[in-house]
Amino acid sequence: MASNRNGVQRGSAKFDRPLKPRLRPSSPSPGSALRRPTPTARNTDADLKFGYAVSLELGVKMIMNRPPIAYLLIMENSSCFDLLEEKSTHSVRALGEDQLGLVPGRVRVAVRLRPRNAEEMMADADFADCVELQPELKRLKLRRNNWDSDTYEFDEVLTEFASQKRVYEVVAKPVVESVLDGYNGTVMAYGQTGTGKTFTLGRLGEVDASDRGIMVRSMEDIFADLSPNTDSVTVSYLQLYMETLQDLLNPANDNIPIVEDPRSGDVSMPGATLVEITDQHSFLELLRVGEANRIAANTKLNTESSRSHAILMVHIKRSVLESEDIVSSQNGDVSHLTKPSKPLVRKSKLVVVDLAGSERVHKSGSEGHMLEEAKSINLSLSSLGKCINALAENNAHVPFRDSKLTRMLRDSFGGTARTSLIVTIGPSPRHRGETSSTILFGQRAMKVENMLKIKEEFDYKSLSRKLEVQLDKLIAENERQQKAFEDEVEKVNLEAQCRIAEVERNFADALEKERLKCQMEYMELVKELEQKLVLNQERLDCNSSVAENGEGPALSSVGEVTEVKLLLETERNRRKAAEEEVEHLKNQLGKHTQEQAGDAENIKLRNILEDEANQKKRLEEEIIILRSQLLQLNFEADQMRRCLDNGSSGSTFSAMDSSRHSQYKDTANGQKSSVATLFEQVGLQKILSLLESDDANVRIHAVKVVANLAAEEANQKRIVEAGGLTSLLMLLRRYEDETVRRVAAGAIANLAMNEANQELIMAEGGITLLSMTASDAEDPQTLRMVAGAIANLCGNDRILLTLRSQGGIKALLGIVRCGHPDVLSQVARGIANFAKCESRASNQGIKSGRSFLIEDGALPWIVQNANNEAAPIRRHIELALCHLAQHEVNAKDLISGGALWELVRISRDCSREDIRNLARRTLSSKCDSRKVHNMNCSFWNVSNGNLSRKTFHDRKHNVSEKENNGGADAALI
């Protein structure tokens, strides 16, 4: 009989409602079985989801633009979102699958062999194992008999000596990383009873830490990557026992319903217990509680055989910022149109399924209730096998509704989750039938293809709250500054009035003192004159009396009178001059007093005006930023409104398809018009002046606006004429902020697309600054912008020598340290452009000698990435090799560097017909029949596929030795 593992729930756990299921690409009705969608149907359902999300975002934006009171009232009424949800269904089928971010992903299957146990060592001591593993080839052989066997290939083959850490890294770690990136993921174990499924998945590792299973190790990686402040993790642990879904964390909840969304097809368990966890210790406690409540029994095949399917669900919610949008043109050039980042919420789910082992009753010895358990287990596993067979064969009908297990795993097989399956087998030949069935199950599962879909949505509520708080702060700060300014002006006025009154009083006192002084001097002079007049009168009388006696004294008296008159006239003139001088001094005193008061007041007012001008400048900068954000939000709202209008007016799918092109065109025109509107309202000179702002946020926003303007060819000439190129280069030279350097390098790359601007960039030392930025930067986006700018400059013949002499090629080769595919694509494009211009210069007789690329050491990297998995990198490298091989002076380096093999491969296997034909023409035009003979025709044997790469290199080495010994028979290509 089956026994129940009794246990209690430990610790305090936070219980929450289940996460709301997200919309899936397909939407079957509740009563019908899921059909595998055709490409057309899949696109339609994908369009439906995208339109639903877009319409919901539009609804939130429209609510955000309402007044605060109306906004709160609308947010309290959740029916508005249902209305948006219903209306959005009619306007979403005109959008393509590529906008959903769907990524194809096949189910990955690994096989793990259990070592022999004690019973098998005794019973099967005389027999060899029924399986033979070839892990280096990822194959296994299942023996039919002593002379015949079947071979199967898997994604990974794990021997009996494989550690738990290796099993986790090759099976579950890629799935966990995808879950952290926002995708759903599933890890499942399938196999016969007693082959180690529970050991692989649910081992806690309490005694030996190296025995920790996939569940424990996956949560360790999840906690290591999440931020406790912004992210959350909730866990539910269930078991499916005899077609009844039970809660292992709450044993009383033993009949949990499975609910399917009729619109999206998502499956949820609303009655399951959700526990929010914050550390690894609490998660281990939950696992102990769940394992204690899981049902197990003792059979002949396993002393502790699981009698139920265990399902661990980990729900992750992360808050991230939206990355900048980058638009690429068809010819490979990159233009950068960035818009403000928005908060995103990513909701993903990790499902770890420990299936009960399949068994045969006559081997397990099950009877009574255990027999019923075995029937239920085999029935659910059989339903799962039918669904996988239908998906592998692309059948129209997939019987997901035959079992609760298949209904729960609907998203894992044929859905949007990344799925990894590990099948466990035993070595005993007695169980060869079960081993063969398990291997065939894994082979069929490898044919199932999923379409991965990232689970994220815009957090407009958080963005709205943030903008409202910023706006309130700005309004309050403006009011405080306005009040402080008014108080300061009033204080200055009072001080000025007091000083003016004091100056007037002082002036009046000084004037009164001067008047009294002048009056006293005047009275003294009058008195002196009167005395002299009396004295002169007495002398005159005396002279008159003497004159009567003779003429001489009379003449003397007349002379003295004349002299006195002259003295009197002179004294009058002096008095008049003194009065004028006193009046002039009074005027000067008044002017000087007014000037002193006016200068002090002017200095104070000048300081106030300067402060006001600085404040006005800061406010203008903030207004520009808010205006640009407002224009962006209005633009997106208009686009959503047009999308709804077009969807509501159209009644058929064909009408929606006919309006798709016009909608995309309106989107592009609207985006350009928003930038043009900001450009017209603010002005180019004002935007360029903000590049030198002391505020880092203003400076970053300004350089982003300049980068947007530089993406339009019509604006590039005006930006260069206004000094924008010089300002961008100054930003690279002066600032070390990563965002400023990244956006400035992107703007320079946009300007470098114009040939007229390339020589200006070189003349102002742009390549030197770009090289310095490339050596200092570590951010892949910054390195990609710098590599794109240098790649654009590499396509100009006139600046080829200057670019190489200033370290442009070495800067490109230094950027490859990043290893990011987008960065390497730009580096490969620059090398291809340089090789093309260099080949053209050699053909015209302008350049002679070896290629600069070979002299600067680029050939090893070119050969290493000639067969890169990324198509853009491979295409540019193949083109560069063809151009280098067109000149015989490079032949020796190409042969010794291994480029000959890659050139032959390009002529044979390149996916681009023009590059393949160019390689063939190069090979046929440069081949010398006399010298090919000495290579034993190995060159052509390689192209025909008859010579291995090792033999080719051996013969090439022999030819190099002949050439070094003085022979003239070395092949030149």
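Heads up, the Cβ atoms here are built off N, Cα and C, so glycines get one too.
Check TrEMBL against the ranges 1-42, 925-966 and you find region 'Disordered' recorded for 1-42.
Close to Gly191 (ATP binding site) in the fold, though at least 6 residues off in sequence, lie Lys197, Leu355, Gly357, Ser358, Val423, Thr424, Ile425, Thr438, each with a CB less than 8 Å from its CB. Here the repeat 'ARM' (723-766) has long-range neighbours at 333-336, 338, 684, 688, 691-692, 696, 699-700, 703-704, 706-707, 710-711, 713, 716-717, 772-773, 776-777, 779, 781-782, 785-786, 788-789, 792-793, 796, 798-799, 802-803, 806, meaning same-chain residues at least 6 beyond its ends whose C-beta is under 8 angstroms from one of its own. Within 10 Å of the C-beta of Lys197 (ATP binding site) we count 26 further C-beta atoms, all protein chains included.
In sequence order, Arg114, Gly357, Thr424, Ile425, Gly426, Thr438 constitute the residues six or more apart from Thr195 (ATP binding site) in its chain with CB-CB distances below 8 Å. Here the domain 'Kinesin motor' (106-448) returns a mean pLDDT of 87 for the predicted model. Thr198 (ATP binding site) has a Cβ environment of 24 other Cβ atoms inside 10 Å. Other residues of the same chain near the ATP site, with their Cβ within 8 Å of the Cβ centroid of Gly191, Gln192, Thr193, Gly194, Thr195, Gly196, Lys197, Thr198, are Arg114, Ala189, Asn302, Gly357, Thr424, Gly426.
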